């Protein structure tokens, strides 16, 4: 009904204009303009007849009619005026304008505007076609939604008509306006969105549907430089170093005894940080260093294979470390069975190895050098085992007075006659025709066992006991009672935490391990505390009070209850191979304390 009233009002207004203008041409144009609207009015009114739900349909029909009328008077869809020459021509001919003429006149009147639309359209296409890798993914999704929404909006508001070329042309013009213009706005919106740089390759390879956070963190994330600096400082303090060593790893050979000792430490569960060494008092020693002989001109004074001077530079041992043991290791070459058989006598098949500390050098023509016998060993010719000699007194003297380090003198002789050994069995020096690489595995080595004093007096099994009298008083070798433990992921337990030395660029001087699992403790300590939480009596009482009055005391904390040491094999600035057992480096067990 409202639509009819609105139409009558428009007709009345038009009649007034016709009387004033006195022209038939304008009337005909108006009728042609509102013809599509009139075609829709019966449908709208029909849907609005009746009561109940039909009333809502009437309101919607009126809204559609109003929209259609507004589009009929839209300056983009109907000519606003005509020229005087055109009106006089139509008055003289007294002809009804055809649809082709109306279409031609519409194009002439709106030619400037159409040109502007074409320019805007071209600019829009340039912006859309311009490659924008950062925003390509989100633009595609927004453009599809925007185009679908605008197409639906255009179809719902487009007036129904049988066939008219004028309406078809203006429909395409309106579509070009309401489709191209939002594309410009869309491009400006998406241009302000920052997409991570490493997302470009992911979007290009896998497409927009796989662009996710998991894809971005597929590669290993590296800490930022400032974090790496702090990590490096902390590790250097832990290793008791001022700076990481700068060495050429390719020129250094790791001695086989050091490798075997490292494997022995890592392959056995130790009760403390002490490094065991059969035959030596290495109690509380946590650091082992290996030294090689330093060549000098003095070597030429000992041309024979049975007597040689060895010099080791031990200045790299820190002054705050206490020497626990020192040994000289000599390798032996296997002799042929014919040589061993030719020396059938028991005394002739055994050699004696002696090592002296050179306490004073000699002066030619004035005094003889002074020697102090340190150790002696008897070896058999049919064996190739390493010979170990105790030289701790000499190393102690060198550490106290580095300028009086004159080296060690080693002699190999027969047991019975005490004559020089006739065969090149115990290796003291390099042969003239021997390759350098082979000699590096055969050369004499000095091993020092020191204690840096940084570890606590108690062992690892004492740490597991925690506070005396608690439930955690068991040592880690004592078997535990079987307990039925529920799988609660949020309760106190041990979690993995892998430390990779390559993250700080230390894999060039750390021989082994390249990384280790330090673990950490995390989780809740619920009330009541079960036996598997390895809690102390104090933790039980604290948890009980917290359950009664949470604001008075906090809950017990999930902390490490057992810690173990980690052995590391690395090189220092002097290219010395160091084997060190670091205390409390990895978590063995967790509990509520």
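Just so you know, glycine gets a Cβ as well, placed from its N, Cα and C.
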Notebook entry, point to check: Which stretch, out of 366-396, 397-427, 428-458, 459-489, is listed as region 'Disordered' by Swiss-Prot?
Noted result: 459-489
Checklist line | Residue pair residue 534 (N-linked glycosylation site), residue 382 (N-linked glycosylation site) - Cα distance, angstrom, rounded | finding: 56
Check: Here the glycosylation sites are 382, 534; which one has the lowest number of other Cβ atoms no more than 10 Å from its Cβ?
Finding: 382
